[in-house]
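J.: Please find one structure pasted underneath; my questions will follow.
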Amino acid sequence: MERQPLVLLVDDEEDLCTLMQMSLSRMGIKTHIAHRLEQAKKRLSENKYDACLTDLNLPDGNGLQLVEWIGQHLPALPVAVLTAYGNMEIAIAALKAGAFDFVSKPINQKHLEQLLQKALNKPIENFQSKEDRLEQKLLIGQSLPIQQLRITLNKIARSQAPVFITGESGTGKEVIANLVHRLSNRNEGPFIAINCGAIPTELMESELFGHKKGSFSGATQDKQGLIQSAHGGSLFLDEIAELPLTMQVKLLRAVQEKRIRPVGSDAEIDVDFRVISASHQDLEALVQQGRFRQDLFFRIHVMDLVLPPLRERGDDIILLAHHFIQKISQEWGIPQKQLTERARNFLLSQYYPGNVRELRNIIERAITLSDEDKIDLQHLQSAPLRYPTATPLDRQQESTNAFRSDILVSAKKLPDEGLELYLENIEKDILLNALNLTHWNRTLAAKKLGMSFRSLRYRLKKFGLDTDDE
Ligand SMILES: Nc1ncnc2c1ncn2[C@@H]1O[C@H](COP(=O)(O)OP(=O)(O)OP(=O)(O)O)[C@@H](O)[C@H]1O
């Protein structure tokens, strides 16, 4: 296998070093860091580097001195300098001293890539590891919080420790859980995702642990539980805070002892799985309130991953919008539409309580509404087509009253479609209304409807309104 290139970064700003290290790591390049001139010389004497990037201002000297030192001691090593934007004089002095190129700060990823391509004399893409490509493909985003998340993700994925993922609804917790699995050495095994909020409480034990035939009415044959299905792979417990306390005890035992007992069985089964869990709720607060077991909390909470809300990811909003346009167009077999400047600005200015899921819904709707080859402001702002019952917040009460009187009037005549279907349609309309009012923030929608999150998820599934298709 080709050796991974090694680059020495010399800069006294820690944050900049971390950022550059992340950028280089995405190019498949390993880095060492030195913050001072003397430390840089020492490292250069001890290791074999393929290139060096140095800042000009160092606490104990300057970058030009380092360029000269390299010229004398390691003439074959390409060295480039980092200069403040527009400082051409210094840049030229560096070139005269033997630097092969310079990069202006703030550093632009494209320039950095081109520079390293020159220094290493190889196309950068060739160095990208399989994992990097997988992450770039599945986890869209280049903002700082997402880059940092990628670094932590890579470290975490390689261990066997339980991972706990937090983040608002729709931020991509399941995407991350899936990546943890795919980047781990369990990736040949299954990835079993369970939404703890969507399983009715009375079915939970049998769904998770399985059951023996005849263990309760309706158990007509043996059934393997979801935990057992994760054998050799990873078990993703989404919305873990929704697990009832009794089930938390049983889960703790399964996680600790790697053994389960199906309902109605005397025998225990060994199961080898890694647990990845997620919640949009503050689990620590739930522990304080006695709603989540502390021992289970400690057990599943060994490694932490925090997903930032979409509104804090800057230009990632546009990257994601393009990603969804491409994906949806491909699925529907239609040409890809372009976002106008106004549409981009609109997307960048939104709050997104429903995060990436909400953005996907907005894009899907806009593609449906636009008859042209572009997506403009009116397609993003218009009333949803797929979910046509949206009502502005300030008209909510008025609409509810009108809705009630509609029901009273129509209750006088019997529904042609039968009572069940008629009531289901009303139920569906109300659900859609609540979702539209809350921009598809399901937690908020459940609250507005006075029902639990679990119950809302269950109903959405029933009506095929659970838009998570991945
Ligand atoms: N960074 C990302 N790149 C590409 N797609 C993403 C990204 N983040 C989220 N998505 C997409 O957004 C949708 C919601 O993501 P996901 O289901 O992982 O969120 P979640 O945080 O688990 O939501 P919930 O809390 O409601 O369970 C999915 O369609 C997912 O594929």
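Backbone N, Cα and C define each Cβ position, glycine as well.
I grabbed these lines from TrEMBL:
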- 6-120: domain 'Response regulatory' (DOMAIN)
- Asp55: 4-aspartylphosphate (MOD_RES)
- 139-368: domain 'Sigma-54 factor interaction' (DOMAIN)
J.: Mean pLDDT, the domain 'Sigma-54 factor interaction' (139-368)?
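T.: Reported value for the domain 'Sigma-54 factor interaction' (139-368) is a mean pLDDT of 90.
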J.: Quick check on the domain 'Response regulatory' (6-120): DSSP residue counts for helix, strand, coil, in that order please.
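T.: For that range the per-state counts are 56 helix, 30 strand, 29 coil.
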J.: Could you tally the C-beta atoms, other than its own, that fall within 10 angstroms of the C-beta of Asp55 (4-aspartylphosphate)?
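T.: A count of 21.
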